[in-house]
């Protein structure tokens, strides 16, 4: 019996040990898989969150870079515009200075011209107040000649109101020991134009169409409008003075006359001065 018990015990030991402690690979690996699964889920969530944060950070950096670049461009454009405005302002300032300088110069010139004009007006009025006299003369033939004369400076001008041909004006000036007006002085012509009491007066200038040249008594050329020379074809032309210009006309037509003489020999035709004696006029000559 002892041998059976030993054998039984041995079998029972081996059997009980095999039944009570069954070892399975799945059971030994299950706790590890659960622990691994429990640990992997939080790390995935953290990675996703970190990725989103990195994306947002990169997006923010990109937006900031774009804004900084755009602000830099706008600042550069503003500085460029500001420099252009400064240059334009400087140019306008220089132009304004030049305009002010020109205005001052023009004002000075205008003032000088006004002073000269006032002086000439005073001198002109002084001359006219001293010497202007209306004459009513009669020639030896009994024909009455109306006119007036005045002196200014060293010249006296005798205006004959009767209409005569150019040769007639030349002759009547010679009868009074005068000469038909001959001048090339623009200032003198302007002065005489301002004193005209009628439209036109002959002066000492003739022009022949065939020769296309001007001839003036005293061998002095005169400036005339070339268009006026063509107004009367193939006829001798003579110059006349109007209140507007110096022009030419047919010498056979009639205009008034302007005679002249210098003060060293006063132009008194006999004793035909109306309201004045020859001695009184001579005293005027001496005083002038």
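Including glycine, each Cβ sits where the backbone N, Cα and C put it.
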May I ask you to indicate which of 4-24, 25-45, 46-66 is given in Swiss-Prot as transmembrane segment? 46-66
Write down the Cα-Cα distance for residue 259 (disulfide bond) and residue 169 (disulfide bond), rounded and given in Å. 8
What does DSSP say about residue 151 (disulfide bond): helix, strand or coil? strand
Return only the integer: C-alpha distance in Å from residue 177 (N-linked glycosylation site) to residue 259 (disulfide bond). 10
Would you say which of the disulfide-bonded residues 169, 173, 238, 251 has the most Cβ atoms within 10 Å of its own Cβ? 169
